[in-house]
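Visitor: Got a structure for you, written out below as structure tokens; questions coming shortly.
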Amino acid sequence: MSAIVDIIGREILDSRGNPTVECDVLLESGTMGRAAVPSGASTGSREAIELRDGEAGRYNGKGVLKAVEHINTEISEAIMGLDASEQAFLDKTLLELDGTDNKSRLGANAMLAVSMAVAKAAAEEAGLPLYRYFGGSGAMQLPVPMMNIVNGGAHANNSLDIQEFMIVPVSQPTFREALRCGAEVFHALKKILSDRGMSTAVGDEGGFAPNFGSNDECLSTILQAIEKAGYRAGEDVLLALDCAASEFYHDGKYQLAGEGLQLSSAEFTDYLATLADKFPIVSIEDGMHESDWEGWKLLTERLGKKVQLVGDDLFVTNTRILKEGIEKGIANSILIKINQIGTLTETFAAIEMAKRAGYTAVISHRSGETEDSTIADIAVGLNAGQIKTGSLSRSDRISKYNQLLRIEEDLGDIASYPGKSAFYNLR
């Protein structure tokens, strides 16, 4: 038995300089697991609640000492002595202790930190790498990365309404080569921007954040960077967008301030379809407001056979909402953010539900990240096939890519890189 003998919660800082929760779990054998949780900027209204102190004179109200206190008192008392290898039972204990639908009492940030730290401690005691602990012998597929090389929206202080413009390397034989491709395109884009006298400062997720005149101009510039780096757009590298449409939906209209447009759901569907016809876009995330299910239906009917339509704010890693979406034929993919739901068991359930329905599951970071690389192990362990973890800069993003390199090396000859086949929802 891997008995839990000590639990320590603490307040640390994330990549934006805001407080977040870290937890250490110590087992009877002396092994320890440590985990830190991320935090989002554009958040879905139905996400599990991260507990903040609200004390205006300290970290602008964003402190997490209440969540840390819950770990060091109530949660510690409830799980002390439990078997760390019994993840589902431990997460069930946390859920029952919280007693709310949205984890608002203990805080999803407190619960997730404990859930992750327990899994890491159990993997360490079992002598297994975390991805293998999660997935067993069947875990051998590396994920295709969606690399956010231009930031807009809530992730940057610029004129772009769309939040993320991403490159997706698909023709490479290995993850290592895909990562190299992404890095080379990133540096080619930096040179192009610099030559134009445009900003090469980066946003929250490590992508550039210049003031482009339009989304078209941004996408065209990325195509130039792909070519400049020696790759073929549409063959070696595809494009992906995260619209984060809930952020610019006001008074029943999609208000693209940077383009001077106010569009209905049908008009915004046409707008996205035009972009998908003009550019090699394989994936669009949050193309409609999280509550605009009629708009989502229109978008899915229009583009669902040729473009991956990812629900982030729409589904918030919640099986109840995902089930409804599947039944109604809304979207064809779910974004998986561990802190949206608050425990590993619930996270894994959402991934499996998506797969059974023929939806893809894209494992994702948050804009406020830490050096914790658990999502890399989840992507491989659960054979998710896709990961979103930022650009090719900032160590809070690179830590996940480097962990995937280590995993690929550890797997050796049995490692596989799916490329275009990761988009099985488009077959």
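Heads up, the Cβ atoms here are built off N, Cα and C, so glycines get one too.
Not measured: the values here are computed from a predicted model.
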Visitor: Can you tell which of E217, E267, E285 Swiss-Prot lists as binding Mg(2+) with D242, D312?
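Guide: Same Mg(2+) site in Swiss-Prot: E285.
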Visitor: Do you know which of K190, K323, K388 Swiss-Prot groups with Q163, K337, R366, S367 in the (2R)-2-phosphoglycerate site?
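Guide: My reading of Swiss-Prot gives K388 as the candidate in that site.
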Visitor: Taking the Cα of D242 (Mg(2+) binding site) as the centre, which of the recorded positions listed as Q163, E205, K337, R366, S367 lie within 10 Å of it?
Guide: Q163
Visitor: Could you work out which of the binding-site residues (Q163, S367) has its C-beta surrounded by the smallest number of other C-beta atoms within 10 A?
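Guide: Least crowded of the binding-site residues Q163, S367, by Cβ count within 10 Å, is S367.
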Visitor: How many Å lie between the Cα of R366 ((2R)-2-phosphoglycerate binding site) and the Cα of K337 (active site, proton acceptor)?
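Guide: Here the two Cα atoms are 7 Å apart.
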Visitor: Compute the C-alpha separation of D312 (Mg(2+) binding site) from K337 (active site, proton acceptor), stating it in Å without decimals.
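Guide: Pair distance, Cα basis, whole Å: 8 Å.
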Visitor: Could you state the CA-to-CA distance between Q163 ((2R)-2-phosphoglycerate binding site) and K337 (active site, proton acceptor) to the nearest Å?
Guide: 17
